[in-house]
Amino acid sequence: MSTSSKSSARSVRSIRSVVSDYGTIAQSDTDSDKSSDVSPHGNDYDGGSGSEVPYDRARRRSFIEEDEDPLQIELPVKKPKPVTWSSLPHKGQLAILTAARLAEPLVQTSLRSYLFYQLKSFDRSLPDSVIASQAGIMQSSFAAAQLCTAMLWGRASDHGGRKRVLLIGLSGTMISCLGFGFATTFWQALIFRMLGGALNGNVGVMRTMVSEIVREKKYQSRAFLILPMCANIGVIIGPMMGGLTSDPAGNYPSIFAGIKWLEKFPYSPPNIISAIFLFCAACFIFFGLEETHERYAQEHDRGVHFRRKVAGSLRRIFKGEKSGYRSYESLLDSHDGSVTEYEPPKPKKHIAPRYKNKLPFRRIFTYNVICTLICHALMAGSMGTFNNVWYSFLSTPVYDPAKAPPDYTPHPPFTFTGGIGLPPRSVGFAMAILGSIGISMQLFIYPLVNDRLGTVRSWRIFLYCFPFVYILAPLLSLIPSTTPPPSQKTGWPIWISITSVLFLQVVGKTFASPATTILINNCSPHPSVLGTIHGIGQTASSAARTVGPALGGFLYGLGLRNGVVAAVFWGLAIVASFSCVASNWVREGNGHEIRLEGDDEAEAEAEAENRPLLRSLLEL
């Protein structure tokens with residue numbers, strides 16, 4: 001080491017030592033005075049102004065030892081910034097996924113607001129108990145078709161890319177909507193519902209894409225909240241859209257009376273609107289969404305390429321007009337003189353490890369995966385059954401003692417029957433209440449509670465909301481009304497009661513649904529089967545939602561006929577209690593429980609490729 005380097009290093013350390021260890025110096029001088037150790041100038045250090053620091057052999061030796069070591073500079077450590085909605089990475093890609101996910105809840109929730117009445121329009125001679133059973137079959141048919149294909153779509157996304165599967169799902173659901181809206185019999189409607197379910201595996205694929213777009217765990221509580229949030233937005237808009245646009249010739253005769261196709265297909269308008277939403281979502285996916293599967297992300301994407309070319313051309317046109325000159329539109333190739341369009345490079349992204357080996361299917365089902373899937377199926381089944389029975393319960397006519405069988409006498413709180421008798425518009429309004437509460441809680445309350453309690457703990461706590469909801473819901477039939485039967489229930493008591501029950505249900509759903517998605521994502525034993533895991537999760541959910549609504553609709557109709565309308569709800573309370581108990585065996589994984597040969601090398605290569613990106617971020 002040169003003399004100048006030693007001198008500068010010693011000066012820096014001397015200043016730092018004097019500033020930080022002033023008390024140590026003073027103590028050393030005090031000890032020197034006690035041992036009659038006098039400075040070379042003969043002056044004792046007394047701390048007064050103008051006095052000199054005495055000669056300290058210990059500090060002199062420390063300087064010599066430090067000079068023999070190379071100079072080390074410690075970089076300042078930045079405090080981590082708090083995670084907010086605005087700090088989420090790749091917000092543009094998440095917004096496109098949000099738009100695509102929003103289109104599907106609009107279809108489902110719009111359908112529920114008028115399904116009871118559309119089924120009744122197929123054959124008006126059928127009793128309400130049969131219509132309730134048909135509604136359960138119709139809802140479960142979609143899930144039954146998904147049960148057969150969801151895992152296949154998940155594996156297809158692992159082997160062929162995520163974006164292609166999303167486009168197929170949106171297109172299939174759009175065709176299903178149009179066919180369902182123009183159906184004239186129960187069997188036609190059932191076939192189109194099953195077609196939509198068979199071609200749609202989008203929920204699992206979208207969850208996989210969210211986990212690939214947002215890889216850091218600190219953002220997961222917000223990123224995975226986006227998809228359930230779309231469901232709540234759909235619950236706000238969908239039922240109101242369905243209730244307002246269904247049967248326009250009957251509801252708005254002064255405007256639409258005499259229009260033949262609306263009289264023949266009264267429930268086609270909400271389905272046409274849903275198909276338009278799905279078409280727009282497919283366009284957003286095709287032109288805006290980038291492939292997230294690492295194996296296919298580098299392939300040529302026609303939709304994204306076309307969108308960039310159009311955006312670049314518009315940018316050049318408007319820039320040229322604004323600045324008063326024509327900008328360059330092409331670059332001449334130096335070899336053959338041909339014109340080459342300039343395409344801006346893609347922004348650098350975090351590169352995921354490229355794992356060469358894929359986990360065999362037989363090794364996917366670890367203990368934690370099985371426990372997580374069982375809890376997910378129980379919760380999805382109970383929620384899906386409740387949603388189906390709840391809409392039928394809201395639409396079921398109020399119990400009228402004048403039309404009751406002669407041998408039937410209600411004995412609350414166990415033996416009673418009847419529903420709320422709400423028309424489609426009021427059903428839509430009731431469900432909009434649910435969605436409004438949910439979206440507010442998901443935006444402002446869930447991230448804070450999840451950060452405080454953790455994913456698993458908050459999930460276990462709020463699962464206990466569902467048994468209470470299912471016990472209280474049928475008791476709404478006993479709430480007094482301001483109008484006599486058979487008119488619908490009206491007045492503040494019934495609406496306050498509906499809002500209270502829905503509030504408790506939304507609280508449980510708001511905290512349990514995103515947490516379940518995170519747990520399924522993190523229980524994946526290996527990153528190479530992430531899409532398959534989400535496909536299996538959707539399969540488990542579809543299986544539960546196949547059996548649940550069909551069985552629930554049958555039991556609800558049976559309860560109406562026998563005067564025990566609450567039986568199906570209390571059965572759901574028992575299932576929800578099992579889900580609460582089973583949650584104690586679930587733990588949050590890390591997404592890479594099983595290590596395969598070559599995984600360490602793949603992660604080391606990815607870390608080396610990401611190092612320049614991390615360095616550039618630190619410089620910012």
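Cβ coordinates come from backbone N, Cα and C, glycine included.
Annotated features, as they stand in TrEMBL:
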DOMAIN    93-585  domain 'Major facilitator superfamily (MFS) profile'
REGION    23-54  region 'Disordered'
TRANSMEM  165-184  transmembrane segment
TRANSMEM  190-210  transmembrane segment
TRANSMEM  222-242  transmembrane segment
TRANSMEM  272-289  transmembrane segment
TRANSMEM  364-386  transmembrane segment
TRANSMEM  427-449  transmembrane segment
TRANSMEM  461-480  transmembrane segment
TRANSMEM  564-586  transmembrane segment
CB contact flag for the transmembrane segment (364-386) and the transmembrane segment (564-586), at least three pairs under 8 A: yes
Cβ contacts the transmembrane segment (165-184)/the transmembrane segment (272-289), at least three under 8 Å, sequence gap 6 or more: yes
Contact set, same chain, for the transmembrane segment (190-210): CB under 8 Å, 6 or more residues outside the stretch: 94, 97, 100-101, 104, 137-138, 141-146, 148-150, 152-154, 156-157, 162, 165-166, 168-173, 175-177, 179-180, 183, 223-224, 226-227, 292, 517, 520-521, 530-531, 534-535, 537-538, 541-542
Average model confidence [pLDDT] within the domain 'Major facilitator superfamily (MFS) profile' (93-585): 83
